[in-house]
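Participant: Annotation comment: TrEMBL describes E156 as active site, proton acceptor. Residues annotated as ATP binding site in TrEMBL: G191, A192, S193, T194, Q195. Residues annotated as transmembrane segment in TrEMBL: 509-528.
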Amino acid sequence: MEKNESEDSEHDRYGVVIDAGSSGSRIYVYKWQDPGYLLEGNTDDNAAILRSVPHIYCNKNWTKKFTPGLSSFQDKPDKAFKGHIKSLLKFSETIIPKDKIKDTPVFIQSTAGMRLVPQHKRDKITEHLCRKIRHDTEFLFHNCEMQVQTIDGETEGLYGWLALNYLKGYFNVYDTSVELHDSYGFMDMGGASTQIAFKPNNEQELQAHSEDVSTIILKSVNGDVQTWQVFAGTWLNFGTNETRKRYLSQLVNLDDHISACNDCENSVSNELTDPCLPKNAKTTFTLDNVTFNVIGSGNYDQCSRYMYPLLAKNKPCKEDSCLFNGVHAPKIDFEKDRFLGVSEYWYTTNDIFKLGGEYNHVEFSMKVKEFCESDWSVLKENNQKGLYNNLDEDLLRDACFKANWVINVLHEGFGFPRLGIDSSKNVDEGANVPKHISFLSADEIDGTEISWTLGKILLYASGMVKVGTKKKVVGLMPSSYRKKLGVKYISGSLSTGSFDSSVQGFMHFSYHVMLLLLVCFVIYVAVVKLRLSQNLNFSGIRNSIHYLQNKFKKIKYNEIPFVDPLCELEEGILSSNRFNVERDGFQFRSRSMLNQSSQKSEEEFSMQDRLASGVVSPALSDGTIRTAFSMADFSKFNRPSSKF
């Protein structure tokens, strides 16, 4: 890359990707030039640039790691931003010009570590990060679901494939008239899982496995569409660390003495011999709350035999060709196809054995055998002399196991031929060297680290190309099989992409429309109910007024002195006494029926005056009894003022 690429320009664009792994999170800052600007300067000198994907630049100093991993915040999600992501974003702000930050997207992509976190806890971390990034930073943040997510192993492998083939230049000077394009297969082995991604070159194999192949669409700066059919496979728990755990469990089961013992608290019975540990090296491990003491025997051949069952080759596949653990893939043509391995493929072959790069099985296996069968004291002494890059003793102790596992995965798992042993077709007889190297390991190409995060940002940068056909957009379409598992389309743009992303945008818009309609409906209902309530209240007020008017009349009449008690029956205003009982608004007896004065308001009958039956006897009354009706009762009817 040219030196002037590190200089800032008004046409530069930036992107940030955070690889949130199990042991820690590493941030990468990338830069490229605006494709629209490059297109404006269309000359013969930059014709090759226009026929290529945007050129991504990354300085070695533009990366930083923060530990522990994001998954460590599963029980305290509200601290994930301040205690983890914030410092990484602050680091990126020291690199990105201040006026560019608002146009710089941030992608937080979690891998194996977060995959093991329960979904509800993972969602809480995601929601917290989205909220804080949106409100507490100035970075471009439009789509939380796309920008903060946990990616599966296949997606990680496809991003790695993009990064590798970008660095190898296979997306440059793309010829749309050519059907077949060269590419490298990508292989990655970490502590928890291993992945492979490659483009099948055999058309028949491609058709036979069409449901297992993903489609990657890129755009050159001039708008030319690049379509790549790529298979990706992943094996969770087949990384070096997880496989080591399975291996130790198997070691316990293989030991007849350990398997038969009933009292494993006995320290003598807990001793194991490990052929994959250097001779006389010692270590311990705990299984089912039992601690085992392990001593290495350094037996390379026996170690290889113990490794084979861990591949689960006996697990059937639904289709051919079958790799391992029940995973099938398009058949690989090892005489034509080429693969590059990163991570443990590189560390294991290079750090100790100095055999990184082009892989030679015979040479590598001899070095591994020599190392494993060496005494542990000799290996430590050599390490102190710098022969093994002064590795930590734990890494040095595990090197024999990891190297054997890499050999088994390559040859027994993926079926790479042992050049010079399995076949002589690919060997130059005169020079006795392989004609075609099908596998090599590396950690960088031309000074740039091979990180899957580069593939993620390449997809975004290519998505910024606005010219060319609108029928095909930049993105990653998962295979039919993975779609059934719920894997979604990944757009190269934050706003729109394929049908799936358009639907997401429509649903997002529809959500806000429905929310607005719901608010309007609630307001409408509230207004109607208020009016109804008011109407009901007015009716109630009118009834109350009528009730008070009637009560007022009654009070008014009660206050009139009874000068003419003969009229009480007609007027209906009678004071209450034991003979005047109101039932449902009717009066059953009038005061004129008895010889009672209107001035008497108190009851004059004691309890002694009552019969046992509770009925009052007229004979017990001291008052004079008059007839029920008299002529005086009707005297008022002769008055002229009567309206009757």
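Note that Cβ sites are derived from N, Cα and C of the backbone, with glycine treated the same way.
Just so you know, TrEMBL annotations are computer predictions that nobody has curated.
Given the structure is predicted, the values throughout are model-derived calculations rather than measurements.
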Participant: Would you list, in sequence order, the residues of this chain other than G191, A192, S193, T194, Q195 that have their CB within 8 A of the centroid of the site's CB atoms, where the site is the one recorded for ATP?
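Facilitator: Near the ATP site, beyond G191, A192, S193, T194, Q195, sit A112, G153, D188, M189, G190, T234, W235, L236, F238, G239, E242.
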Participant: Around the residue listed as 'active site, proton acceptor', which of the listed binding-site residues (G191, A192, S193, Q195) come within 10 Å, judging by Cα atoms?
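Facilitator: Those near the residue listed as 'active site, proton acceptor' - Cα within 10 Å - are Q195, in sequence order.
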Participant: Using DSSP, would you call T194 (ATP binding site) helix, strand or coil?
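Facilitator: In the DSSP reduction, T194 (ATP binding site) maps to strand.
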Participant: Around the Cβ of E156 (active site, proton acceptor), how many other Cβ atoms lie within 10 Å? Please give the count over every shown protein chain.
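Facilitator: There are 26 of them.
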Participant: Counting across all protein chains present, how many other Cβ atoms fall within 10 Å of the Cβ of S193 (ATP binding site)?
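Facilitator: Looking across every protein chain shown, the total is 23.
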Participant: Other than its own, how many Cβ atoms are within 10 Å of the Cβ belonging to A192 (ATP binding site)?
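Facilitator: The answer is 23.
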Participant: Give me the non-local Cβ neighbours of Q195 (ATP binding site): same chain, 6+ apart in sequence, Cβ-Cβ under 8 Å, ordered along the sequence.
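Facilitator: Same-chain residues close to Q195 (ATP binding site) (Cβ under 8 Å, separated by 6 or more) are G153, E154, E156, G157, G160, F186, M187, D188, M189, A232, G233, T234, W235.
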Participant: Where does E156 (active site, proton acceptor) sit in the DSSP three-state scheme?
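Facilitator: SS state of E156 (active site, proton acceptor) = helix.
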Participant: Specify the count of other C-beta atoms within 10 Å of the C-beta of T194 (ATP binding site).
Facilitator: 30
Participant: Could you tally the C-beta atoms, other than its own, that fall within 10 angstroms of the C-beta of G191 (ATP binding site)?
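Facilitator: Looking across every protein chain shown, the total is 18.
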